[in-house]
Structure formats: C-alpha cells, structure tokens
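Structure record follows, encoded as structure tokens.
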Amino acid sequence: MSPQTETKASVGFKAGVKEYKLTYYTPEYQTKDTDILAAFRVTPQPGVPPEEAGAAVAAESSTGTWTTVWTDGLTSLDRYKGRCYRIERVVGEKDQYIAYVAYPLDLFEEGSVTNMFTSIVGNVFGFKALRALRLEDLRIPTAYVKTFQGPPHGIQVERDKLNKYGRPLLGCTIKPKLGLSAKNYGRAVYECLRGGLDFTKDDENVNSQPFMRWRDRFLFCAEALFKAQTETGEIKGHYLNATAGTCEEMMKRAVFARELGVPIVMHDYLTGGFTANTTLAHYCRDNGLLLHIHRAMHAVIDRQKNHGIHFRVLAKALRMSGGDHIHSGTVVGKLEGERDITLGFVDLLRDDFIEQDRSRGIYFTQDWVSLPGVLPVASGGIHVWHMPALTEIFGDDSVLQFGGGTLGHPWGNAPGAVANRVALEACVKARNEGRDLAREGNEIIREASKWSPELAAACEVWKEIVFNFAAVDVLDK
C-alpha cells in the first residue's frame, strides 16, 4: 500500500498533547538533495528548551498542529513532516539559537514563491512558545529551482539589449517623488537621460495619483526617452512603475508600456505580492520587457536582527519569482546595509553557484543551475564622492542610482547627470589602469573634476555629506 494512502488504525489513536520534539526533532536525519533547508534564528520563551522550540518551528511550518489528530493516521507523516535536524547556539547572544529545518519537496507547489512562503513563514512567527523568530537563509534545491522561470532576461541579455558593456549602469530616481505633473515629470526624465544616464526611475509610491495619472506619465516619459536616445545615440530607459491595486490593472499598464516601445517596466514586489510579480515577470519575458524591482516595505520584514526574514531570503525569492534588477542597499549611503552581508546577497543575486560562507551570512551552498542573474541596484543617499567605493564594491554588473545626487546639482538635472557620468567613467578608467579605488578614490574624483565643471560643482555641494550610523543588522561575532 502506498504511504500516502496507508492508514494506521491498527496502531490505534491516542488523543492528547505531546511535545513537538518527540516527532519533529530528528538530529540523526541526513538531509536530501531535494529538501528545502531553512536556517531560523530562534529565541524561545523562558523555560522552553531549544530542541522543543526548533521542533515547534518544524512542526508548525509543515504538518504539525498543537494536538494529536486522528487524521494523522491517514497519511505518512514521516514522508511529509518538516524536521529540525540541527541546533546551534548563537555566540554572544543570550538564549538565541540557529535551528536548521529540512522540508520535503512534496510540501510545495511547483513554481510558486507564494506557496513556499505561506508554508515556511505563514503561521509559525506568531507562535507563543517563541519570543522571536527570524528566517536567516534558505537552500532551494535544484529540483525546485527548475520549476521557476526566474528573471525575465538576466544580466547578459540586458547588456545586449542596451548595448552597454564594461561598466556599471547609471540611473536616477525622479524627485520630488510625488507632486509633479506628468509633463514636468517627463521634462526631468529627458534632462537626466540627455545628460548621460542610462535609466531614470519612478519612485516606488508613484502609481496613478490625482496629480499624475499613469497613462499621462507613461506617454511623457516615453517621449522623453526617445528624444534623449535620438540626441545621444545611446539606448535609454525609464522604469515605468506598473504596480497597481489589482493584477488586471497592473497588466494593463505593462501592456501599454510594451505598445509604447519602451524597454523596461517596474514593480514593487513586496507590496504588490509574489503572485502579481511572477505574473508580470512571465509577461515581460514573453514580450521583451526588462523588469526593475523595488523592495518597498522590506525593512519592516528584514531589519531587526532577531525577528522577521533576512533580505538574503527575500532576494532569493525575487530571483525565483522574477526580476532583472532589485534594490540591494549601498553600504555607503543613507540606507541600512553592512558590507559583508550586502555582498553576500549580491552574490546570491548575480552568481550561478554560491558556496556556504558564514562570514558573509550565507548558511547554505546554493546552485541556481540555469536561472538568470539579477542586477543589484545601489540607491539611497549616494553622490559623486561615493562613486569610487560603489564601483569597487558592486563591480560592473550593477546599477548605481543617484536621485538627489543628480537632481540636487546646483546647475540642474542635466549637469547633475553629466557629473555622475564623468565620475563613473573616471572610476572605471582608473580601475582598468590598476589603480586602487578604495585608497585613491577621492584623488581620482578630484582629477576628473579639473576638466568637468559639472563634476567640480557637484563635489563642492556634497563634500561634507556623510551618513555615519552603525548598521542594525550585523553578522554574529
């Protein structure tokens, strides 16, 4: 008889409550290549043993409930249950543990990030036996990876579409983010693209408000980028935010963008949801559109060290759901992002194979097989003085995005774009000549500013702007 249909009436049913660890803590378990593996940071309530806490996480995120039920006898729990197979104490933290849980692949619908998260994090985070819980990392088996389309195009295809090689791409978020009319918004887009940027961007909360309806914005931005393309001879793009209140409205906006002939659209993947994001990613691949992803709302989920979901997990989920770019923090700007942690999930976004490396917060080796890579986007409080560090940290396969660092230039948007393009080209040239960007960065920018008055003006404006705050989420010592 099949284990799925085998009944265990002969064993008998004993009602009542038993400890989770009797069923779900299995330190002898040998993980399988097809298991989804999870690393949880667990903070139990006082008096709850770590083994019971880890087993409770495995149970409540798979087949378990708070009491024994007679229908357990109608299936094979051994086949379907999650298992806490290892627990380790977090050094330097009181009553914190890393609980490793293995989930059999049969628990998850193919090609559905929505279902994966609903199972693994959907209910267990409110469990009373835990003071706090954080999902630190996931190992996605190749058998499951292959059920996802992933990014619509990936890094190499994007470079071929844009005909841009050998340097990071350069972008700008249009400011003020809210309040401009569609025509004035399009004018700002044109000036930035004409000045030398590759992309401009809708801010995450620009959808279709009374001061600027989406269709008007799309039309004026398309006019701006085509005019800038004609003048510069370079392919340009503007991230047209298709995020909407319904999937149907989102798709209507994406279809209109394709009809306009623009190269890229945008989605807020956490507020919009994984189902909507995957739907849009499939449309973008089928219709030749690049897809820029904003991570609005991520810090609500990932910023606290002891509770929530680490961004490296959200980044992996985005690569599965689909996106060609995603915001990843800057390390040097105004937003949260410790260097080693950021570089860890940047590699998880871009590379095909990533080895376990706890020094960068990577708990599991991850093989993405044929899933395309995602370009990390550095954005938030950055300006020309940051250019050497950004070029050194993120390398060529990245998007460096300056909003206020372009539009805040004292001479206007186009000179602001010129300043950033000159700074970028100077840093890339210096790097290619073997110069040390980390040590000589300021000197490289000063040298370039001697023959670029736009860059010299930008250097003067932002020479004293720093964001000296320690990161909240740091690696365990």
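Yeah, the Cβs are placed from backbone N, Cα and C, and that goes for glycine too.
Here Swiss-Prot flags Pro3 as N-acetylproline, drawing on sequence analysis.
The N6,N6,N6-trimethyllysine feature in Swiss-Prot is assigned to Lys14.
The substrate binding site annotation in Swiss-Prot covers Asn123, Thr173, Lys177, Arg295, His327, Ser379. Long-range neighbours of Arg295 (substrate binding site) (same chain, six or more residues apart, CB within less than 8 Å of its CB): Asp268, Tyr269, Leu270, Phe311, Leu314, Leu318, Ile326, His327.
Swiss-Prot lists Lys175 (among others) with the feature active site, proton acceptor. A C-beta separation below 8 Å, combined with a sequence spacing of at least six in one chain, links Lys175 (active site, proton acceptor) to Asp203, Gly403, Gly404, Leu407, Gly408.
In three-state terms derived from DSSP, Lys201 (N6-carboxylysine) belongs to an extended strand segment. Less than 8 angstroms from the CB of Lys201 (N6-carboxylysine) sit Gly171, Cys172, Thr173, Ile174, His238, Tyr239, Met266, His292, Gln401, Gly403, each of them six or more residues away in the same chain. Residues or ranges marked as N6-carboxylysine in Swiss-Prot (evidence: sequence analysis): Lys201.
Look at Swiss-Prot and you will find Lys201, Asp203, Glu204 tagged as Mg(2+) binding site, backed by sequence analysis. Its own atom aside, the Cβ of Glu204 (Mg(2+) binding site) has 20 Cβ atoms within 10 angstroms in the protein chains shown.
Taken residue by residue with DSSP, His294 (active site, proton acceptor) is part of a strand. Within 10 Å of the Cβ of His294 (active site, proton acceptor) there are 28 other Cβ atoms, across all protein chains. According to Swiss-Prot, the active site, proton acceptor annotation covers His294 (among others).
As annotated by Swiss-Prot, site 'Transition state stabilizer' applies to Lys334.
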Distance check against Glu204 (Mg(2+) binding site) for the recorded positions Asn123, Lys177, His294, Ser379, keeping those with Cα within 10 Å: Lys177, His294
Least surrounded among the binding-site residues, given as Asn123, Thr173, Ser379, when other CB atoms within 10 Å are counted: Asn123
Near-site residues: Mg(2+), ref Lys201, Asp203, Glu204, CB cutoff 8 A to centroid: Thr173, Ile174, Lys177, Asp202, Asn205, Val206, Tyr239, Asn241, Met266, His294
Distant-in-sequence Cβ neighbours of Lys177 (substrate binding site), under 8 Å, six or more positions away: Asp203, Asn205, Val206
Packing count at His327 (substrate binding site) (other Cβ atoms within 10 Å of its Cβ): 21
